[in-house]
């Protein structure tokens, strides 16, 4: 009987401790830790290293939020989620925010009762094929075998695309990115389809990257971004504006290196407001005025995070593309801080 | 254990509900039932409250919506315009297919290994021991993953089969060729085998809302008829043998009765084989047996066969040596001793644990998730669940289906067990 | 009379060696490998299979690389050493990541805690398995769960202590009431009071004690558990927690009380009828619906609870087998002695039935331990798939395939094979003193 009841007791203790109330900010502060739902198997976006430290593009946003809310970028508890468990983990309150390359779609935003608060990566579904197949367009893929990750929007996009173009295909459903890459490499499928960023990451790590091409067609819009539960708008605002602070920081040239100096030395009133040297923006979020400063200091501005994790200096070598700042022809645009 | 106790016959008091063993049983049962019902209503109440709090509904309406995704192995017709319900049905059939094939292969392998393990051949005996120990002491998940990897890593890609103009000019052979007179192609995606096709087939029948292939039906009817006639012929032969001691020669009659009508039917239908041919990306035509299916079934069969081998070995060893000695004394050869004397008796010991192995294998088909074989969990509990977000409905439905499946299998097998069990006097 | 002196040998001839074909290796081979056409064919087939496997696996194993920082480097080294086109195993990955396979993300400087808990586990099990050991050691077994919980998760020592106090309360109430009210009723009251203690007194009391006498070690969160540590924690907790439940269920299934029997059979058949993976998905997806709104706790705990229920159904069947194996005379003798139901169970039936069931329990544990790999599908870091996915997401090791599976598979094999051999030995031992 002993262990059973110990577990029962533990669960009761945990129950009382883990109540997810409507005020996520208060919960996070009381807990002293941000529960961040992440992907553990996507190179460059989220994966733990040999020491168990999580790293990646999505992970950096977790750190920024933790820095803004709790004052310490390391106070994050990363909860690994799979394609199947991620939304449940968020809905049940197991995680405070889900930052796991999830596509913003109508149904998820409305029917599943989530709020996508921002788009930290504009992606689209693409195709990668071997060069010797002699294919130059996705329209030539009639009859091909396609590797595709299950539990994602890509399945539906793929079915729609082939239907719209009156083509047939054989799906090979794979569980995760590494499995998809292996199957594709082994030749179990002619085409590997997933988000273009993932394709680029996969291609970059192939032993013979030059023998593979990513087809020009992008068949879907995949705005990937952090999401929170419906009904806690203040918490959503915090995630959203932490993210915008990172984007704005890039726009204004605030980096993790100069953020401390900038706060005092700058004359630009917008930067002053952003970094809390002027105005009371932090208070309006329910945080202190230094929040954005800490968020930027955590792992840099949007551009720094991009370059450090998935940019051209990394093996993944993603171009900024749509994710360049709006001033440079991209879509990343932060509303004014006032 | 029941206790017969002569309690004093006094009038009923409330305390007797606890103190009197006659009433205590009833009291306990009432309490247990009340607690159970309370627990159940607590669960239901929580669920209702949770659904309300999340602003979600509990209905199975989504099953009739368009699924929108494709499945790579469908035993019944299915497109991405079909409903989620049909997708679940496709998944269920795939589960059943994997389970059935897996059980058959596992039984054959298991019996073989179990018998060989008792072989006097030292090398074979040791190899079988290694086989059993290695297979059953490592998680089945690993076997599934490994089988899948081996299948897809060691086989050629479809493009390796291609013969280009340049290769003909240079006199080179393609890297891979088809097997069995160019009818079977094993690629790293699957096995393409010829499929039976008919030229001028009968129209499809609509039975109970299901479309039934009447060609198959006709074939089965004719074959069944032939077999019935054949059994009559054999019965007649046996009667003659019992009466006269001489068994008339019947093999040519049997052959004619079984073969001729079916061949005639197939000729009439214009039967031919659809042989896979290489197209731009893949082999088309014929039937493709996906590696995910092969890997899952094979790995489950191998894993389960190790357990079955142990069951078979234990069953054989449970038969007393006297039985085989008696058989030898009667002049039976070892092979016949095994098949006529030992196995029939061992079967009685073997069947009950065998049932639970079949059940395990069936439940383990849910590990199809590891190789992305689209079974019930892959469709209903995987993509449908993800696309609709109806986790409660999908999971409950899935559990109910698996439960029904298990109960059906165990009741059928138990009935069989009762039929073969030793009738004790 | 011819005097033929008959030749009588008066000393023994020295023993001749048997002919060459009847001795030594040759004889052994003729006897064991080539004793007939069928056996010869089997032997040759077996040899062919062995050779085929060896020819495929050995070169790969021979070309092993132990020191490299990435898969590309590994491949370069192999090409350099063994020529173009050679393939080889890259064990450098294992060298770099072995600790994640064993401990997941458990803080490295705290590895001694799981190690200690692991060693103590044997001390705790010993008195159960070897009756010759001093009975006092059972007290250690009793506190072991709390001790391990504290060692693994850390935190205040008072939490497990106060939780254990609940059991003390349960035991005291039970002892006080059992004479008057019988076993089920007094146990029920005890459980209710203990539950109240855990629900309402646990938090405040342990907080107060912690405030008065602060005694705590570094807390380790559940999400840092992974690899074999996670497998063993789930497996061992589930099996030991499911034992009492399994016993009750087995007794319930054999009970004369219709409702108790129906409920037990229903529970057992339900759990045994659905795949473990659906129960795991229940833990991760559905529990949030079944528990009071807003409640939410650790996924590992949820998984352990569901796996415990799963194991309980199987253990119940094992124990039912043990009960069925007892001769009827034992029950009748207990009745004849005038023992009541619970006395008979405690003194006569259970000690024997449990003893018979031990091998079955061990094999259930082996099965369960292997099945813990399935937790990967709900996002936990099991050693086989979870950790491997993480390793392969590392840009250095992207594309590594066989090595992690072989490494994890080998450890599983060693543990499971060892346990199964042990259980076979135990079975033999128990058999002899049973007949």
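We count from 1, first residue shown onward.
Every residue, even glycine, has its Cβ placed from backbone N, Cα and C.
Under the heading domain 'ABC transmembrane type-1', TrEMBL lists C:228-423.
Residues or ranges marked as transmembrane segment by TrEMBL: C:38-62 (among others). Outside the transmembrane segment (C:38-62) by six or more residues, the chain places 86-89 with a CB less than 8 A from a CB of the stretch.
Here the transmembrane segment (C:110-130) has long-range neighbours at 99, 103, 137-138, 140-141, 144, 147-148, 151-152, 154, 217-218, 220, 229, 232, 236, 358, 426, meaning same-chain residues at least 6 beyond its ends whose C-beta is under 8 angstroms from one of its own. The transmembrane segment annotation in TrEMBL covers C:110-130 (among others).
Here TrEMBL flags C:137-155 (among others) as transmembrane segment.
Here the transmembrane segment (C:161-178) has long-range neighbours at 143, 146, 185-187, 189-191, 193-195, 197-198, 201-202, 205-206, 209, meaning same-chain residues at least 6 beyond its ends whose C-beta is under 8 angstroms from one of its own. Taken from TrEMBL, the feature transmembrane segment applies to C:161-178 (among others).
Annotation comment: TrEMBL describes C:185-205 (among others) as transmembrane segment.
Under the heading transmembrane segment, TrEMBL lists C:225-251 (among others).
Residues 249, 252-253, 255, 299, 302-303, 305-307, 309-310, 312-314, 316-317, 371, 374-375, 377-379 of the same chain lie 6+ residues outside the transmembrane segment (C:263-287) yet bring a C-beta within less than 8 angstroms of a C-beta in it. Annotated transmembrane segment per TrEMBL: C:263-287 (among others), in sequence order.
Marked as transmembrane segment by TrEMBL: C:299-319 (among others).
The annotation transmembrane segment is assigned in TrEMBL to C:356-380 (among others).
Residues or ranges marked as transmembrane segment by TrEMBL: C:400-419 (among others).
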Folded-back contacts onto the transmembrane segment (C:137-155), same chain, C-beta under 8 angstroms, at least six residues removed: 110, 113-114, 116-117, 120-121, 123-128, 161, 163-164, 216-222, 225, 233, 237, 240
